[in-house]
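Report on the structure given below.
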Amino acid sequence: MGFCILRRFVRHARVIYRPFSTHPALFRPQIAEEVSKLLDLKAQLVAEDGTVAPTNVNQKFTLKTAKGTRDYSPEQMALRLSVLNKIVAVFKKHGAVTIDTPVFELKEVLTGKYGEDSKLIYDLKDQGGEILSLRYDLTVPFARYLAMNKISNIKRYHIAKVYRRDNPSMSRGRYREFYQCDFDIAGAFDPMIPDAECIKIVAEILDSLNVASYVVKVNHRLLLDGMFEACGVPLDSFRSICSAVDKLDKASWQDVKKEMVEEKGLSEAAADQIGEYVKLNGGKELVEKLLNDDKLSKNKSALEGLEAIKLLLGYCEIFYISDKVSFDLSLARGLDYYTGVIYEAVLLGDASKGEEVSVGSVAGGGRYDNLVSMFDVKNKQVPCVGVSLGVERLFAVLEQKIHAANRKVRTTEVDAYVCTAQKNLVEERLKLCNQLWEDDFKVEYSYKKNPKLLAQLQYCEENSIPFAIILGESEIKNGVVKLRNVLSREETEVKRSALADELRRRLGELNLNGTVPA
């Protein structure tokens, strides 16, 4: 029906168009009549609820998630929540509060904050008199939040989805919609103290997740600017050359040099000088070497950056993380809002197993002292430093690790499953479940009145529930239960009065966070 109406709609449109295109004045009455017919046909296409009726109700389409997005199964969600809980525990340990901001912002809030990456911002259609965009990260909304609420001192974390109109790589944990976990310290403090704590937080999180060996690369924006100046890069090209250097974790030096020279107009001599520096990495000894470098030692910006890195590395020693930190001159981080120290955590593959040396970045951040003032009418500056964890890549790495170890994730946190061994014991089963719930245990049971014992025990095994509590007529009579270890299938008789304490003791001996054998 809808298709027929649509065909008539098109036919009438053609009737209007032909004469009007040649002799418009002669056909005005006919045009008015045909327009009226078109409006009637349009009205027929609109359903009673105001929606447009489908032209073909039997039309088939492919059921899929949008490009760069995915659904998450119970196993995947259990892993994600376990990871996020560990991350939040570290944030809270360092005294952070949490906030939330809208998923979209005024476009003008996001414009001009991300350099070349601004092209990846998702713009929304104007549907309410405001030009909006989906948030690209959680840092710019945080700066807007500080300026709007006149906050000059806060330590906060924020876990939420962000959106990037990027080319996704699902296998490497790169999506268009993904979670970020941000930790930021806002306020005027002495140099490098909060900066070092952010790096310490990254190390604590990666250690708690036990993902792989890693390194936290550090550099300084002032050092980069001084290096570019010393190498002969024009001032107005600093950001574009910095953006090119930022690609060294994904591209070879020859490719980056080609981009600098052929696409961004840098002289080959300047590019070669930059190449000598960006190949360097190390610790305090490298700082000392560069402090005596002929070019850098004469540049005020470079010297200031080097002194800051030296101080940062000293604090990292105090935090016992200096073995995880590498001063790396190839680290650039292309976002325009960084003003000081920058850092990036990179997972390292196992070379003995033929894995890549660098699996990829899983965290990054730095100091951005001028971002809040961009939103303040009085240009009030609120110094900030923070870190953002790319948890999607962490999830991808952990999923691969679990699969390789032939283990599976527990999809529930159920402590015990209450079983009955004979018929007509449903009330006794419910009473015991209620008793255990009152004692704050996580407990399940069958919704059938007379389930088979074997089916109940199989459910425990399939869902990785560690303990089964078995009730029968003799157990009820004697005031006991059978406590069964589902994995070992070992059964112990326990008094009802002592069940809570015994179950709590046994649960304490198990590592239920994470995985169980597949």
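Every residue, even glycine, has its Cβ placed from backbone N, Cα and C.
Noted in TrEMBL for the protein shown:
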- Asp137, Leu138, Thr139, Arg164, Gln180, Asp184, Arg333, Tyr337, Tyr338: L-histidine binding site (BINDING)
- 68-398: domain 'Aminoacyl-transfer RNA synthetases class-II family profile' (DOMAIN)
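Structure with TrEMBL features highlighted.
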| residue | record | contacts (Cβ under 8 Å, 6+ apart) |
| --- | --- | --- |
| Asp137 | L-histidine binding site | Tyr114, Val162, Gln180, Asp182, Ser388 |
| Thr139 | L-histidine binding site | Asp182, Asp184, Tyr337, Tyr368, Leu371, Gly386, Ser388 |
| Arg333 | L-histidine binding site | Asp246, Ile342, Glu344, Gly364, Gly366 |
| Tyr338 | L-histidine binding site | Arg221, Gly366, Arg367, Tyr368 |
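Mean model confidence of the domain 'Aminoacyl-transfer RNA synthetases class-II family profile' (68-398) amounts to 90 (pLDDT, 0 to 100 scale). Maximum intra-site Cα distance, L-histidine binding residues Asp137, Leu138, Thr139, Arg164, Gln180, Asp184, Arg333, Tyr337, Tyr338: 21 Å.
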